[in-house]
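*Asks:* Structure incoming, see below.
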Amino acid sequence: MNILIRNTKLLTMKKEEIIISNIGIVEDEIAFIGNVPDEFIPDEIIDGENFITMPGLINAHTHIAMSLMRNYADDLPFWPWLTEKIWPLEEKLEGEDVYWGSLLSIVEMIKSGITCFNDMYFFMDDVAKAVEISGIRANLSRGLTGEGRSDEAIAKLDESFKLYKDWNNKADGLIKVELGPHAPYTCDNEYLKEISKRNEEYDLGIHIHLSESPKEVEDSYKEYGMSPIEKVEKTGLFKYRTMAAHCVHISDNDIKILSENNVTVLNNPGSNMKLANGFAKVKKLIDNGVNVALGTDGSSSNNNLNMFEEINYAALINKALSNEPTDIPAFEALKMATINGAKALGREKEIGTIEVGKKADIIMIDIEKPHFYPRYNLISSLVYSASAADVCNVIINGKIIMKNYIVETINEREIMHKANEKAMELVDRIN
Ligand SMILES: CSC[C@H]1O[C@@H](n2cnc3c(O)ncnc32)[C@H](O)[C@@H]1O
Ligand SMILES: [Zn+2]
């Protein structure tokens, strides 16, 4: 399929500027930007005049099937939320629940301009099936928890490599499989070392939670005399491309370790505020050469998958934290949600910017609305005025996934009802 987006307000994210341009898509790739070659025959022409056209947003940290737990356990502190409400319910999860919960989140993400996400959870075959039928792009990891070389922990690791064999580069190349050691407080040192050792043959990316709450960091100092980040460095995991969610409570030495090991920090401001875990030092991390990407976390700690909200939080919170309004300016916040996410996910050659030769993951934002006027600075408008509901068209891998606000690959209404049914059945199982 050849697509022509004509005469649009293009933000490539390579430069801090919006230009008026055409974009040509051939099959899954961006074929040209600018003049339309004489020989180009489009199958579909989209008039781009009233739209900002930009790279799809990348949700760099989430657990999408947790949409089943949206509004199930609110206004609780982090530890009781996780251990007394979420984990007992997750014990009762079945594959079909995860499938419909994943689809519910995928519809929500597509509608809000997310074209790629980074997920750690259980029943990842079912998440992969949901990815395949919807046409979204994803990095998937089976969440790993356990002790040493226990049979149960090793079985989970075996499952991760099976997921890799079954799904890596599948679904038209949309899926990338990685390893998901949940956190240093749920995986002991032996297990983290085993994960690192077994990964030597595969070299998969690592997706982990690190230094999220004050309790996690205090416990780590008490038990091991070092921070969670110092502890994980010693297991050898950071020799792989690592994505560390949260990193809220960190020392200068932690920042040095993250920077020296090219670990990406996945910042989740909405989740960190809702669970009252604090604010990551995003400006300081960036100034020290750390790549910082943005995520929503699961929709039980957020409670949505709205990257426009996270972009807005990233820009506002960091100004408020430092009393410095120039911190995390609009373009920097947008980079966190696009190219920085692509780098984190090992996909910077593929996505994150609109460039000839990259995969066509493109969103079009309808700016013929009151909150986009007057038009002093459209880059600022994306961060400070836009909302997820302004996303009108979504193209992923060269395929039109949402057209004129309607998701074309999956049935939104059916998914909402099925997911609700599964959520009610799940809660019944615990009662
Ligand atoms: C082992 S699969 C993923 C695991 O992570 C849990 N989870 C969701 N949100 C958070 C968070 O903010 N911190 C730590 N763990 C989280 C989820 O419930 C799954 O059990
Ligand atoms: Zn998380």
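Any Cβ shown, glycine's included, is placed from N, Cα and C.
Pasting the relevant annotations from TrEMBL:
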type	residues	note
BINDING	H61, H63, H209, D297	Zn(2+) binding site
BINDING	E90, R142, H182, E212, D297	substrate binding site
DOMAIN	53-401	domain 'Amidohydrolase-related'
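Could you tell me the structural context for the features on the list?
*Replies:* Taking a C-beta cut-off of under 8 angstroms and a sequence separation of 6 or more, H61 (Zn(2+) binding site) has the following same-chain neighbours: N118, M120, H207, M243, A245, L266, N268, A293, G295, T296, D297.
Every protein chain shown contributes to the tally, and the Cβ of H182 (substrate binding site) ends up with 17 other Cβ atoms within 10 Å.
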*Asks:* Look up H209 (Zn(2+) binding site) in the DSSP assignment and reduce it to helix, strand or coil.
*Replies:* strand
*Asks:* Looking only at Cβ atoms, how many others are within 10 Å of the one on H63 (Zn(2+) binding site)?
*Replies:* 26
*Asks:* Given R142, H182, E212, D297 as the binding-site residues, which ones have a Cβ positioned under 6 Å from some atom of ligand 2?
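*Replies:* So the answer is D297.
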*Asks:* As a check: which entries in H61, R142, D297, the binding-site residues, place their Cβ less than 6 Å from an atom of ligand 1?
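*Replies:* D297, by Cβ distance under 6 Å.
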*Asks:* Would you list the other residues of this chain near Zn(2+) - those whose C-beta lies within 8 angstroms of the C-beta centroid of H61, H63, H209, D297 - in sequence order?
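*Replies:* So the extra residues in range turn out to be T62, M120, A245, H246, L266, N268, S271, G295, G298, S301.
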